Amino acid sequence: MEEAELVKERLQAITDKRKIQEEISQKRLKIEEEKLRHQHLKKKALREKWLLDGIGSRKEQEEMKKQNQQDQHQIQVLEQSILRLEKEIQDLEKAELQISTNEEAILKKLKSVERTTEDIIRSVKVEKEETSGASIEDIYANIPDLPKSYVPSRLRKERNEGIEDDEQNRKALYAMEIKVEKDLKTGESTVLSSIPLPSDDFKGTGIKVYDDGQKSVYAVSSNHSAAYNGTDGLAPVEVEDLLRQASERNSKSPTEYHDPVYANPFCRPTTPQREKATPGPNFQERIKMKARGLGKDMNGSIHTMNNGLSEERGSSVNHISPIRPIPHPRSMTQQAEERPHSPQKRQMTPWEESDVTQDKCAPSAKSQLSPGEAPVGKSERQGSSPTCQEDEEDVRYNIVHSLPSDVEDTEPVTMIFMGYQRADDSEEEKKLLTGYDGIIRAELVVIDDEEEEGEGEAEKPSYHPIAPHSQVFQPAKPTPLPRKRAEVNPHENTNHKSPHKNSISLKEQEESLGSPIHQSPLDIQIAGDGTEDPSLTALRMRMAKLGKKVI
């Protein structure tokens, strides 16, 4: 009762205080209005006094004096009202201060008498314990057809309150250990691993950072000991995020699957594959005829000139690119496969072979290959007469590697490019050179050992005896094809070489070249001049500087 009275007194004091504050605010507004009127009347009185000095009539002066007296009276009344209002405001402020002091005293008494929330909760619990549950049971007893074993939920809750409050008796249904790494800069938490634990082995060690009645989260350090006491609690959003990351990590499959791979050869993709160097049906026969006369050495370099066109091998397609015939350096050592050659054709000289091929099938101008055509695979398209097809394709020549039989085939052969030699632009030569892609001719230079150098100086001169008239150094007549030479083919570049043993000797070559049948107009012209070839002169000078002799 005392507490209620104190509360009423406090509320009354607050109400009175509020009324006084409103009165004070109204009186202050009224004072402001009175002050404005007082100022206005003062200005009016001064103006009338100034006008009174300029009036000459007596009647008007009397009227002005009466008006001035009235204004002065109003000014005095306003001044008195202003003073009175100010005094009232002071009294109200004193009353407000008195009410405030009384309110503070009532509040102190109320705090001493008023119970705290804990006291109220405690008293409620005591009242519940004192009151018996007979009243609730009486209420449910009046309900018909109610089983005797039925216990109201309120009673069950009250009976189980003590057990629920005891956290040690609460058993965990599921436990999981989650290793979390927290970035101190961004504050983001990343789940490193999650390991489920049996609920029986779980021990609530650590500091509890979250508990909503269904889930409990404990902070444990890396060494499975309790974390430091300064661990902050987790918000429900953070707990849900960690559980989501852990569930996503567990749901990920450890194996990564890819598209099915089929080994069926019919399901092979249509992308271009790298072709293997396997000859076709007529490919090996063509190699037998064209590869004769080439060096067997593994380091020999081959360069084909076809009217300034050279075939180079790409990834899987043959590319034809126009380039100038320039000397290539010695190629890298590669493993080469020896191709079997027919012994009957090996015994034939290149001139006999060319005569035989011309008699069988004379190539026409239309059948010859143009510079832009590729010779690969033409024998497969025309398989009826392979000899004629090979003659048509054999317009392009390779380097002449005709070595004498006494030269060992194990030694490498090196060719030195000494320059070009131009032919006169005559009509007959243009006709003869139709389809002519260019043939490289080289001088055979044998460099002896130093021991044999002294013996050979007395017998052999230091220059070639028939250099101006030698057919080895002059361009041969292109009409009678001397012999089929191996092309630079993507499949023949490094793997097809013919032995030197099948090549004709130098003496036989000079005799065959010296015959009038194979002399070209260029040979006759140079022989008539009696001048030496500039390439031979340069070669002789170079050999003389090296101390070697030229055969």
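Just so you know, glycine gets a Cβ as well, placed from its N, Cα and C.
Annotated features in Swiss-Prot:
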type     : residues : note
COILED   : 2-106    : coiled coil
COMPBIAS : 247-259  : compositional bias 'Basic and acidic residues'
COMPBIAS : 484-495  : compositional bias 'Basic and acidic residues'
CROSSLNK : LYS125   : SUMO2 cross-link
CROSSLNK : LYS179   : SUMO2 cross-link
MOD_RES  : SER135   : phosphoserine
MOD_RES  : THR271   : phosphothreonine
MOD_RES  : SER321   : phosphoserine
MOD_RES  : SER370   : phosphoserine
MOD_RES  : SER384   : phosphoserine
MOD_RES  : SER385   : phosphoserine
MOD_RES  : SER498   : phosphoserine
MOD_RES  : SER515   : phosphoserine
MOD_RES  : SER520   : phosphoserine
REGION   : 247-393  : region 'Disordered'
REGION   : 450-529  : region 'Disordered'
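LYS179 (SUMO2 cross-link) sits 43 Å from LYS125 (SUMO2 cross-link), taking the CA atoms of both as reference points.
The secondary structure of LYS125 (SUMO2 cross-link), as reduced to three states from DSSP, is helical. Close to LYS125 (SUMO2 cross-link) in the fold, though at least 6 residues off in sequence, lies no residue with a CB less than 8 Å from its CB.
Note on the coiled coil (2-106): its mean pLDDT in the predicted model is 86.
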